[in-house]
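Feature annotation from TrEMBL assigns transmembrane segment to C:12-34, C:55-81, C:101-122, C:181-202, C:209-233, C:239-263. Residues or ranges marked as domain 'ABC transmembrane type-1' in TrEMBL: C:57-260.
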């Protein structure tokens with residue numbers, strides 16, 4: 001006896017289903033897949049020689065180095081901050097917690113240009129500390145420190161927002177048990193807390209890294225765009241593009257696109273380990289960060 | 001509306017949930033589908049509703065073959081186990097939903113009058129503007145019932161209607177559901193795993209096991225004349241003792257019971273605790289008391305026979321008995337099933 | 001707050017957190033506000049209400065609204081398809097949805113420009129129909145849609161996954177058609193998540209820079225977005241104007257946050273207990 005289908009759910013009508021799928025897949029191809037393809041095509045449009053020459057160009061190599069160095073500083077510092085913030089917010093009750101959470105989330109909703117401009121008014125010559133820094137001959141803007149600081153601003157919430165909902169959901173019982181058994185704070189963190197949140201932590205780190213390496217707006221304000229000195233890879237892409245070296249620009253861009261693809265791949269793998277789920281919206285409270293953590 | 005199931009079959013992937021079930025439900029009847037989990041009772045209910053399609057067989061509503069009618073056109077009222085109230089609608093909006101989406105256009109005033117009537121029927125006057133999250137579990141259950149009744153269904157289907165409620169609320173709601181049924185006279189089918197609930201509420205009980213109907217009948221019939229060991233043990237506590245049938249008599253190691261219709265061979269005797277008596281002297285199965293459990297209306301003796309079988313028996317509260325007493329168990333009533341046919 | 005602290009590490013963890021937040025987030029924003037405030041009300045108003053600034057607000061807000069509206073429909077459809085339907089390549093599409101987050105905005109910007117320029121793959125096709133995309137507000141809208149697409153998909157998707165099937169079954173058993181069940185039951189239940197996604201998407205579009213400047217054409221009064229205007233004022237060493245315009249974007253972002261929280265509280269009022 002042939003098995004009959006389940007009774008149709010809402011939207012299961014075959015004609016409707018086919019139409020919707022066709023429209024959505026076509027749009028996805030146009031909107032999401034095409035940009036990725038065009039990068040690859042354009043990168044090699046002037047031949048593999050131009051591609052390799054762009055990559056081998058000292059300015060490009062310097063831009064890559066600068067991007068990597070920025071990430072090597074900004075991501076670990078951000079990770080320490082994210083872990084510290086999550087520990088303080090989820091394992092303790094204190095006044096102003098709600099406010100602190102909002103402040104941590106602010107960079108997420110602010111234009112990177114605003115961030116860049118804001119940094120100018122702290123460390124620039126016309127800024128708060130500018131004259132003092134000038135007198136002491138310390139260069140922050142238009143140099144590596146400025147780029148790192150701006151990158152840290154735009155990515156400030158990345159690690160914390162992955163950890164906080166998860167550690168909130170896990171509660172304090174395990175840590176309290178470990179402490180009651182005589183474990184020190186560090187021991188408790190490394191052998192009880194960290195193993196339970198390691199995938200979420202890595203997830204946050206991966207996303208943070210992608211954003212640091214790809215940040216454009218904020219960095220373009222504070223870097224000064226000095227070719228071969230303060231140009232990160234995204235800025236270098238812009239510079240080549242505006243120099244009408246289109247193939248070169250796309251060749252440099254293809255490195256960043258590859259980074260994006262690797263990031264997506266890592267993201268999928270980490271999501272299979274359960275990362276990235278704790279903070280997701282639910283029926284009861286779409287923004288878990290706001291609703292649940294703030295008891 | 002009379003409902004008829006004719007040899008209905010349902011398979012999920014490779015698991016056959018319902019094996020050829022045939023069942024007649026009389027118009028206006030209140031019928032319970034009773035069985036342990038996995039017995040297929042909820043699947044049968046969902047097939048009657050049109051929430052699952054049968055793989056084989058037919059379901060008739062009156063004379064109409066309803067097997068392939070989609071749920072939205074079948075005209076059933078379904079009360080979900082966890083009520084499935086729309087959380088973003090008030091109680092009144094929940095009840096009005098079916099009338100609002102109906103193909104039959106109704107005036108606003110007509111709808112609100114009907115909602116008022118239903119709120120009165122389920123005794124929730126004044127709570128119409130509350131959201132489901134703002135009322136108690138028992139109240140939600142009544143809203144779910146009112147919502148299902150609002151569309152004047154041909155049949156009312158309830159999936160474990162009292163499963164999510166506290167014991168005290170459950171008993172009241174049970175009586176009340178019976179009253180509503182008697183008042184409206186609507187054909188009603190409900191699913192439960194609680195035999196007390198089924199026996200208390202239903203005109204007729206259908207007992208299911210592993211996708212098949214084991215026995216059906218009035219509560220009196222299934223209680224007084226259970227047709228299998230499964231029914232006996234599912235309906236309540238029962239002691240089980242091995243016996244040997246020989247020419248119409250079952251022998252329990254000395255004690256003889258009449259077993260007129262059974263073939264010779266090994267058998268099992270089922271004894272309800274209330275069907276046993278205890279005496280310190282006299283005849284019966286010799287046993288030793290392990291422990292006595294006191295309850296408001298009786299004392300329960302946990303005893304061990306000389307053949308090392310555990311027995312539980314309920315005796316009147318004034319019975320004087322204590323641990324390690326020796327005495328005799330007399331059998332007032334027993335159910336005997338041949339070992340091969342017992343199915344357990 | 002009365003609970004005794006059992007676990008160690010609060011001073012260190014909170015110390016790191018506060019220092020980081022103070023230096024990285026609060027100090028710069030404070031400096032920006034201070035700078036903008038030091039302008040005086042008249043100068044401030046003159047800068048933020050100049051014709052060029054107002055034109056930039058108009059094109060930014062209108063493009064962001066259009067992009068968000070597009071994403072509302074497309075994002076919902078994409079989330080629906082990913083949750084409700086099974087088809088080959090579903091997991092691949094699911095992973096691709098996050099590409100706009102992972103792809104650096106400058107890279108997205110030049111890629112979209114290459115696609116939509118008059119001689120590009122899509123631009124040439126649109127040109128045949130007489131539609132100019134790159135270097136027009138339409139191009140800005142497309143760049144905004146691209147960068148903010150994941151917000152709506154990723155806020156709606158999990159809620160749609162968790163939606164109790166019994167709610168739909170109940171609505172069906174009460175005689176609801178697909179359309180009425182979607183409008184009366186599913187959509188209202190998605191509303192809070194949708195609202196969150198919409199506001200994130202809109203806020204991102206308002207502030208987007210990298211993806212837009214390549215495709216926008218950047219003509220003052222017509223295709224110049226507000227973020228770019230702030231940037232241009234900086235390059236002209238007009239720091240006060242840059243501060244003032246950046247502060248407008250900052251205020252807009254804070255207003256979005258406040259409005260979203262209010263709307264969400266309203267959309268979720270039914271979960272409140274008496």
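Cβ atoms here come from the backbone N, Cα and C positions, even for glycine.
Heads up, TrEMBL stuff is auto-annotated, nobody curated it.
Since this is a predicted model, take the numbers as computed values, not measurements.
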Tertiary contacts of the transmembrane segment (C:12-34), as residues 6+ beyond its ends and Cβ separation under 8 Å: 243, 246-247, 250
Region pair the transmembrane segment (C:239-263) / the transmembrane segment (C:181-202), three or more CB pairs under 8 Å: yes
Long-range environment of the transmembrane segment (C:101-122) - Cβ separation under 8 angstroms, sequence gap at least 6: 132-134, 139, 142-143, 146-147, 150, 208-215
Remote residues contacting the transmembrane segment (C:209-233) - C-beta distance under 8 A, at least 6 residues beyond either end: 51-53, 55-57, 59-60, 63, 104-106, 108-110, 112-113, 116, 133-137, 139-140, 142-144, 146-147, 239, 241-242, 245-246, 248-249
